[in-house]
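Right, one structure below, let's go through it.
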Amino acid sequence: ALNPWDVMLCVSGTAIACENALVVAIICYSPALRTPMFVLVGSLATADLLAGLGLILNFVFQYVIRSETVSLLTVGFLVASFAASVSSLLAITVDRYLSLYNALTYYSERTVLCVHTMLAGAWGVSLCLGLLPVLGWNCLHDRAACSVVRPLTKSNVTLLSASFFLIFLVMLHLYIEICKIVCRHAHQIALQQHFLTASHYVATKKGVSTLAIILGTFGASWLPFAIYCVVGDPDYPSVYTYATLLPATYNSMINPIIYAYRNQEIQRSMWVLFCGCFQAKVSFRSRSPSDV
């Protein structure tokens, strides 16, 4: 029988793939969007695109080609994709922090090397996590070791959940530091001008609110599933797994809106790509990652 939860995951995967495919196409099409900031956004969009395709493939193989080998491959593909997505979010957070903390030296070759190193490490670790089930860390031959996400073992999902909690705490710490830097800059401007203008107050408040929305969206999407993976039991009804996993997929649906479609350069590139409303050689103003 066709499970409606699987249908919703497939629909979610289709929406995720379409959204992020557009972001990847825009970044690849526009030579001006090759700064470290947009490289990180492209990495996030690529990871979410693969995650969306993985959800679609998982649905197709589950109802068309039923095979343990194919199941392991699709689950490993999903683990690697979502891990790369979360890791790319961490890399973007680190980049935002560095753009404020080292504002004078941010636009240098050292930043490019740092970004490429972060991405190489993020995708390398994500690939290793995705290969673990395929290389034997699964419960196909030991049902007692299964977790709430079959065929992953309890120890496997515990490792994934612990990694997520660590990344979430690091992101929380960095965003708190970013808020401190933003407030300190506003205070320094107020001292220089002898008062804090309304525009500075609004900009500071908007920046802090945006950071809170970003972190709140990320936590609300992934925390329920990560917690359930630790405390859940495989004997519990599968509806609990679906009910916590589906919101986690929504994070990959929201990421393009937060990190890409709100950006002026990407919006302009979309017009160039689809409407030709601007000249192809229009000049772009590269902004700091803290503005994105």
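Note: Cβ is positioned from N, Cα and C throughout, glycine not excepted.
TrEMBL entries are annotated by machine, without manual review.
In TrEMBL this protein carries:
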{"type": "DOMAIN", "residues": "19-259", "note": "domain 'G-protein coupled receptors family 1 profile'"}
{"type": "TRANSMEM", "residues": "6-30", "note": "transmembrane segment"}
{"type": "TRANSMEM", "residues": "37-65", "note": "transmembrane segment"}
{"type": "TRANSMEM", "residues": "71-92", "note": "transmembrane segment"}
{"type": "TRANSMEM", "residues": "113-137", "note": "transmembrane segment"}
{"type": "TRANSMEM", "residues": "157-176", "note": "transmembrane segment"}
{"type": "TRANSMEM", "residues": "208-227", "note": "transmembrane segment"}
{"type": "TRANSMEM", "residues": "239-261", "note": "transmembrane segment"}
Item to check | Cβ contacts the transmembrane segment (157-176)/the transmembrane segment (71-92), at least three under 8 Å, sequence gap 6 or more | outcome: yes
Checklist entry - For the transmembrane segment (113-137), which stretch among 6-30, 71-92, 208-227, 239-261 has the most Cβ pairs under 8 A? => result 71-92
Checklist entry - Does the transmembrane segment (37-65) reach the transmembrane segment (239-261) with at least 3 CB pairs under 8 A, where each pair is 6 or more residues apart? => result yes
Checklist outcome for this item: Mean pLDDT across the domain 'G-protein coupled receptors family 1 profile' (19-259) comes out at 85
